[in-house]
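Have a look at the structure below before the remarks.
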Amino acid sequence: MASTKKVGILGATGTVGQRFILLLAEHPIFSIHALGASARSAGKAYKDAVRWKQARPIPESVAQITVKPCDAELFKDCDVVFSGLDADVAGDIEMAMLKQNIAVFSNAKNYRRDPSVPLIVPTVNSDHFDLIAHQRKLNKLDKGFLITNANCSTTGLVVPLKALQDAFGPMSHIIVNTQQAISGAGYPGVPSLDILDNVVPHIGGEEEKMEFEACKILGDLAPDKQSLVHLPETIVSATCTRVPVLDGHLETVSVKFANGAPSVEQVYEVLEKYTSEAEKMGCHSAPQKPIVVTREADRPQPRLDRENLKGQAVTVGRVRKCPVLDIKFVLLVHNTVLGAAGSSVLNAEIAVFKGLI
Ligand SMILES: NC(=O)C1=CN([C@@H]2O[C@H](COP(=O)(O)OP(=O)(O)OC[C@H]3O[C@@H](n4cnc5c(N)ncnc54)[C@H](OP(=O)(O)O)[C@@H]3O)[C@@H](O)[C@H]2O)C=CC1
Ligand SMILES: N[C@@H](CC(=O)OP(=O)(O)O)C(=O)O
C-alpha cells in the first residue's frame with residue numbers, strides 16, 4: 001500500500017466539503033491534515049463553523065480541527081488539496097495552491113475549459129491523467145498539478161455514453177433533460193418558496209457546461225499527450241431543471257449513433273459489462289462496477305437508487321428505442337458523491353496508483 005498522504009480540504013464547511021469529510025475521515029491512504037473555508041469560519045473549531053447537514057455525525061477526528069483561511073502558505077505541507085470552494089473564489093485560491101507545488105483536485109467550474117487541465121470522471125477518462133506531464137512543464141512544477149472533475153449532471157451523463165461510444169462508435173446527436181436535486185445548489189441553496197410544490201426550468205450556466213464538458217471528457221488525448229481533442233462531430237443539447245429532491249440528479253437521454261442503431265438488448269449488455277481502469281487498479285473508492293443497470297419499469301429513482309454502490313456508480317434503466325434518435329434511457333447520479341467529492345477522491349486514488357502523487 002502507498003504511504004499515507006496529507007490532505008487539505010478547501011471549502012470544507014460546504015455541501016461538497018462535508019462529503020469530502022465523510023469520504024476521507026477513515027481513508028486508507030489519505031489523512032485529513034488541514035481544513036479551509038471563508039473568513040466567516042476561519043479560527044473556529046470545525047464543529048462550530050459548519051452547518052452540518054449529513055445523516056452521519058461529524059467524525060470525531062475532524063470535529064475539533066481549527067478551520068484555516070484558504071491561504072496557500074498554510075496548506076504547503078499538504079501532498080493533496082481537495083477543493084469544494086465556491087466558484088467565485090476557487091480560481092485564485094486553487095491557482096495559488098498549484099503554485100505551492102501541491103496536487104489540486106477541484107470541483108469548481110473555473111479551470112474545466114483550460115486546455116492544459118484534464119477534466120476527469122474517474123470511471124470514464126482516467127487516461128487523460130497523461131496530460132499532467134505537459135501541464136507540469138508549462139507551470140515549471142515537479143510535484144503539483146491541477147485536475148478538475150466535471151459538473152455533476154455531466155458526470156452522470158458521460159459514464160453510460162462512454163460505454164456506448166466504446167461499443168458502438170461515435171454518437172452524432174445527444175439530447176439530455178435533467179431533473180436536479182436541490183443539494184446541487186449548495187447551502188442554503190434554492191429558497192423553499194421557489195422549490196416546494198414546483199419545478200424550476202432554469203439552472204444558470206448548467207446547459208452550456210453539459211454541452212461543452214461531455215465533448216471534452218469523451219474526446220481523446222492527442223498522440224503527443226500535450227492536448228485533448230474534443231469529440232469533433234457530436235452535438236449535445238441539454239435542458240436542465242431543478243426539482244424538489246434532496247440528493248440525486250435524474251436525467252433522460254436520447255442518442256443517435258453515427259454508424260447505425262444498436263438494439264435495446266445490445267445496449268443493456270454493453271452497459272452491464274462496462275468496466276473502468278479504476279476498479280482494475282483496485283482503488284479504494286472505485287465502485288464494483290461503474291454502471292448499475294436496472295430493468296424495472298419505474299427505476300431509477302433518486303430516493304431508491306442514489307446510494308447504489310455508495311453513490312459512486314451511475315444507475316441506468318428504461319432503455320428503449322427512440323422514435324426520433326436511436327436509443328433512449330434514464331440515468332441517476334448522486335450529485336455530491338460521484339457528481340462531486342466522490343469523483344475527486346477516486347481521481348486522487350488513481351493519481352497515487354499512477355505515481356503522480
Ligand atoms: N453541490 C453539488 O452537487 C456540486 C457542487 N460543485 C461545485 O463545488 C463547489 C462547492 O459547492 P457547494 O459545496 O455546493 O457550495 P457551498 O455553498 O455549500 O459551499 C461553499 C464553500 O466555499 C467556502 N467559501 C465561500 N467563500 C469563500 C472565500 N471567500 N474564501 C474561502 N472559502 C470560501 C464556504 O465557506 P464558509 O462556510 O466559511 O462560507 C464553503 O465551505 C462549487 O464550485 C460548486 O459549483 C460541483 C459539482 C456538484
Ligand atoms: N450546478 C450544479 C452544481 C454545480 O455546482 O455545478 P458546477 O460545479 O458545474 O458549477 C447543480 O445545480 O446541481
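Cβ atoms here come from the backbone N, Cα and C positions, even for glycine.
TrEMBL entries are annotated by machine, without manual review.
Annotation comment: TrEMBL describes 6-132 as domain 'Semialdehyde dehydrogenase NAD-binding'. As annotated by TrEMBL, active site, acyl-thioester intermediate applies to Cys152. Taken from TrEMBL, the feature active site, proton acceptor applies to His249.
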Tally of DSSP helical, extended and coil residues in the domain 'Semialdehyde dehydrogenase NAD-binding' (6-132): 42 helix, 26 strand, 59 coil
His249 (active site, proton acceptor) and the residue listed as 'active site, acyl-thioester intermediate', Cα-Cα, nearest whole angstrom: 8
Neighbour count (Cβ, 10 Å) for the residue listed as 'active site, acyl-thioester intermediate': 29
Neighbourhood of His249 (active site, proton acceptor) by C-beta distance under 8 A, where only residues 6 or more apart in the same chain count: Cys152, Ser153, Gly156, Thr178, Gln179, Gln180, Ala181, Gly184, Pro302, Leu332, Val333, Asn335, Gly339
Predicted model, mean pLDDT over the domain 'Semialdehyde dehydrogenase NAD-binding' (6-132): 97
